Amino acid sequence: MFNKLHLVSLLACGLFVIAQANTVKKCEKKMPASLKSQLCEIRKYKLLDTPDMDKHMDCVMKALDFVRPDGTGDYHKLIKPLNAIEKDRKHDFNLEKCGGQTQHLPVGKRANAYYKCLVESTSGDAFKKVFDTVELVKAKKLPALSQYSSVVDKLMKKIDDKICN
């Protein structure tokens, strides 16, 4: 009896997590009004330091699964994809540095600060490629195990053109 109850509980939790799954598109739909006019710039990695951007990037970074529920960066979710784009020890250093710099910030500011730190780091170009690839995978525009390629750039351009024009 206990095992059946335990199994039902686990299944219910799993379904709840699936129902809560987010995408960048969902985050953009509920982004604060103050950012709506800047969506194109934000999608092109313009960095903003406002409470509304903190809220938006918290949603986005959680949707992409790059940060934990408390907004702290998740080293293990990014190191392998970064090294798949460019094998370099700098990624380890930058993930550690950005994680360390942001982990003691207020919870609502962590994800945006982590994002900004990575974009501005020497891993920035590789991070943007990982970010775009994962965004497309989460939106089901690419298969789950996809890696960065020129297809990512083409799909992102198509999405950005639709949003920005």
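Backbone N, Cα and C define each Cβ position, glycine as well.
What you see is a predicted model, and the numbers here were worked out from it, not measured in a lab.
As written in Swiss-Prot, here are the features:
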BINDING   E28, H56, Y115, D132, E135  serotonin binding site
BINDING   Y115, D132, E135  histamine binding site
DISULFID  C27-C59  disulfide bond
DISULFID  C40-C164  disulfide bond
DISULFID  C98-C117  disulfide bond
SIGNAL    1-21  signal peptide
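Locations of recorded Swiss-Prot features on the structure.
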residue	record	DSSP class
C27	disulfide bond	helix
C40	disulfide bond	helix
H56	serotonin binding site	helix
C98	disulfide bond	helix
Y115	serotonin binding site	helix
D132	serotonin binding site	helix
C164	disulfide bond	helix
**Fill in**
Those same-chain residues, other than Y115, D132, E135, found with Cβ within 8 Å of the centroid of the histamine-site Cβ atoms are V24, V60, L64, K128, V130, F131, V134
**Asked** Is any of the disulfide-bonded residues C27, C40, C59, C164 within 10 Å of Y115 (serotonin binding site) (Cα-Cα), and if so, which, in sequence order?
**Response** none
**Prompt:** Between C98 (disulfide bond) and D132 (serotonin binding site), how far is it from one CA atom to the other, in Å?
**Reply:** 19
**Prompt:** Hey, what's the widest CA-to-CA gap across E28, H56, Y115, D132, E135, the serotonin contacts in the record, in Å?
**Reply:** 16
**Fill in**
In this structure, the one of the disulfide-bonded residues C59, C117 whose CB has the fewest other CB atoms within 10 Å is C59
**Long-range Cβ environment of E28 (serotonin binding site), under 8 Å and at least 6 residues apart** = L39
**Request:** Please tell me which one of the disulfide-bonded residues listed here (C27, C40, C117, C164) sits closest to H56 (serotonin binding site), measuring Cα to Cα?
**Result:** C27
**Message:** Counting Cβ atoms within 10 Å of each candidate's own Cβ, which of the disulfide-bonded residues C27, C40, C98, C164 comes out highest?
**Reply:** C98
**Request:** By CA-CA distance, flag whichever of C40, C117, D132, E135, C164 among the recorded positions is nearest to C27 (disulfide bond).
**Result:** E135
**Message:** Can you tell me the CA-to-CA distance separating C117 (disulfide bond) and C40 (disulfide bond), as a whole number of Å?
**Reply:** 20
**Asked** How big is the gap, in Å, between the Cα of C59 (disulfide bond) and that of C164 (disulfide bond), rounded to a whole number?
**Response** 21
**Request:** Whole number in angstrom, please: the longest C-alpha to C-alpha distance across Y115, D132, E135 for histamine.
**Result:** 14
